[in-house]
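Heads up: the structure comes next, in structure tokens.
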Amino acid sequence: MASQFGSMLTRLGNLSTSDHASVVSINLFVALLCGCIVIGHLLEENRWVNESITALVIGVCTGVVILLTSGGRSSHLLVFSEDLFFIYLLPPIIFNAGFQVKKKQFFRNFITIMLFGAVGTLISCGIITSGVMQFFSKLDIGSFDIGDYLAIGAIFSATDSVCTLQVLNQDETPLLYSLVFGEGVVNDAASVVLFNAIQSFDLTHTNLRIALQFIGNFFYLFFTSTMLGVVAGLLSAYIIKTLYFGRHSTDREVALMMLMAYLSYILAELFYLSGILTVFFCGIVMSHYTWHNVTESSRVTTKHAFATLSFVAEIFIFLYVGMDALDIEKWRFVSKTPGTSVAVSSILIGLVLVGRAAFVFPLSFLSNLAKKNPTEKITFRQQVIIWWAGLMRGAVSVALAYNQFARSGHTQLRSNAIMITSTITVVLFSTVVFGLMTQPLIRFLLPHSKNTTSMVYSDSSTPKSFAVPLLESAQNSDADMGGHGFPRPSSLRMLLTTPSRSVHHYWRKFDDAIMRPMFGGRGFVPFVPGSPTERSAPQ
């Protein structure tokens, strides 16, 4: 009896020690997050460094300190988890991106963004897959099957949309921002869908039927994920508009918006769809309808709450990737053949460069052919910036690499360890080098980018009916289009070639006649007892 009691106390003591160690790790990690925010603020005016690079550098430095203090056993405070990344950290980042994006620029370039994000991802994946099959067979890495090679192509086709948010300015370069960032979000979604499709198909024996089924499944998941996000956003708008939560508590409005956004992501994952694409379009629809249905205080709260959650999640990801780069377990497998690891990383970086160039320039050419207005075409200098800014690889690539080449966060084979260490090397190199050079490159190629982009969007030769997108913000209503500033056709030819009704005109009529009465949106004023709206209402 005494021995059993003693063993129970020992187990409790071990549990207490483990819990205390976890608390210590979390405390240190939160302190590092605070340090990243402070240092990022101090470096705000620096044109070379951004928040993601700062967090990466701090993570690497912290990893070195932990590695030294632990006697070379570990380099990070927390163990990497795909679930932590995909279920908790990525949703607020992508949702806030859709919620805050300027819909005017995004939907004007929607076709180009989808070309870059979907078709471009397939092209890049094909080139990277072909390259690794050609070069890796000459290196002493290990045995990979066709599924592994395709997975590598999908892993390194995923751009880092998080870092893109910080190296491009939405106000100074709206065209570049909408193209690169919009393409990055669609690209991330396409890469994850492609990766999941690769894992779900038996690609050892391929034929035309399997290839067509694979491509069909890819586009089915793409379309279904988008529609799920739209439906979730419309449902939240309808519920909040109909029930007027703000008359009792604005907290319920904020909570419902957050939970509905997160529910759309989880539902997509539940049905094996792309949660990234779902939550992105849910954010766009919520910003167009739901956000206008809540009270003014809830609007301010949700806008800052979503931005804050996204900001903290971004820093968390880069900080951990920096610490994980020095994980001694993975590097122990490749320490005997450092030349092979360097060769693999160099090949992957070269293929990323080639793979992105292979679709940016040709697809930009096709996009320019469809645009009649010269000011809306993508210039060669802008194409170079789009190519360069999308070279960064980030946490999505790391998470997919762990999914393919690790089990429970650990690597058991040398070939798998080489792939994970090479992925981390590519992520660090591309984020630091390409990220540092993006803003100086923009200033060099587009020295007057602010004036240039403002001319593109306010050119008097283009009717506003063409400039407005499918969805737009309040300052570009139909009322704004009438009267002054609306250019009339200067010639008979322009009158004949310019249709009197644009796509936006018909969308606005449909939106005003059907969508807004049902789902609310801009112009909707919630009835809140005791508010100025109620007091000024006629008796």
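Cβ coordinates come from backbone N, Cα and C, glycine included.
The annotation domain 'Cation/H+ exchanger transmembrane' is assigned in TrEMBL to 30-442.
The transmembrane segment annotation in TrEMBL covers 20-43 (among others).
Residues annotated as transmembrane segment in TrEMBL: 55-72 (among others).
Summarising the annotation, TrEMBL assigns transmembrane segment to 84-101 (among others).
What TrEMBL lists as transmembrane segment is 113-137 (among others). Below 8 angstroms of C-beta separation, residues 106, 144, 149-150, 152-154, 156-157, 178-179, 182-187, 189-191, 194, 218-219, 222, 344, 347-348, 350-352, 354-356, 358-360, 363, 366-367, 386 of the same chain, each at least six residues beyond the ends of the transmembrane segment (113-137), sit close to that stretch.
The transmembrane segment feature in TrEMBL is assigned to 218-240 (among others).
The annotation transmembrane segment is assigned in TrEMBL to 261-286 (among others). Taking Cβ pairs closer than 8 Å, the transmembrane segment (261-286) reaches residues 86-87, 90-91, 94-101, 103, 106, 185-186, 188-190, 192-193, 196, 221-222, 224-226, 228-230, 232-234, 236-237, 471 in its own chain, all 6 or more past its ends.
For 306-323 (among others), the entry in TrEMBL reads transmembrane segment.
TrEMBL lists 343-365 (among others) with the feature transmembrane segment.
TrEMBL lists 385-405 (among others) with the feature transmembrane segment. A Cβ distance under 8 Å defines the sequence-distant neighbours of the transmembrane segment (385-405), meaning residues of its chain 6+ beyond its ends; these are 52, 80, 82, 85-86, 89-90, 116, 148, 151-152, 154-156, 158-164, 167-168, 176, 179-180, 183-184, 187-188, 191-192, 195, 199, 317-318, 321, 324, 352-353, 356-357, 360-361, 364, 378, 411, 415-417, 419-420, 423-424, 426-427, 430-431, 434-435, 437-438, 441-442, 445-446.
Residues or ranges marked as transmembrane segment in TrEMBL: 417-437 (among others). Sequence-distant neighbours of the transmembrane segment (417-437) (same chain, 6+ residues past either end, Cβ-Cβ under 8 Å): 48-50, 52-53, 56-57, 60, 141-142, 152, 155-156, 160, 163, 167, 318, 321-322, 324-325, 330-334, 340-341, 344-345, 348-349, 352, 388-389, 391-395, 397-398, 401-402, 404-406, 411.
Sequence-distant residue pairs (6 or more apart) of the transmembrane segment (306-323) and the transmembrane segment (55-72) include at least 3 whose Cβ atoms are under 8 Å, placing the two stretches in contact. Listed as Cβ neighbours of the transmembrane segment (343-365) (distance under 8 Å, sequence separation of 6 or more from its ends, same chain) are residues 112, 115-116, 119-120, 123-125, 127-128, 131-132, 135-136, 139, 141, 156-157, 378, 383, 386-387, 390-391, 393, 418-419, 422-423, 425-426, 429-430.
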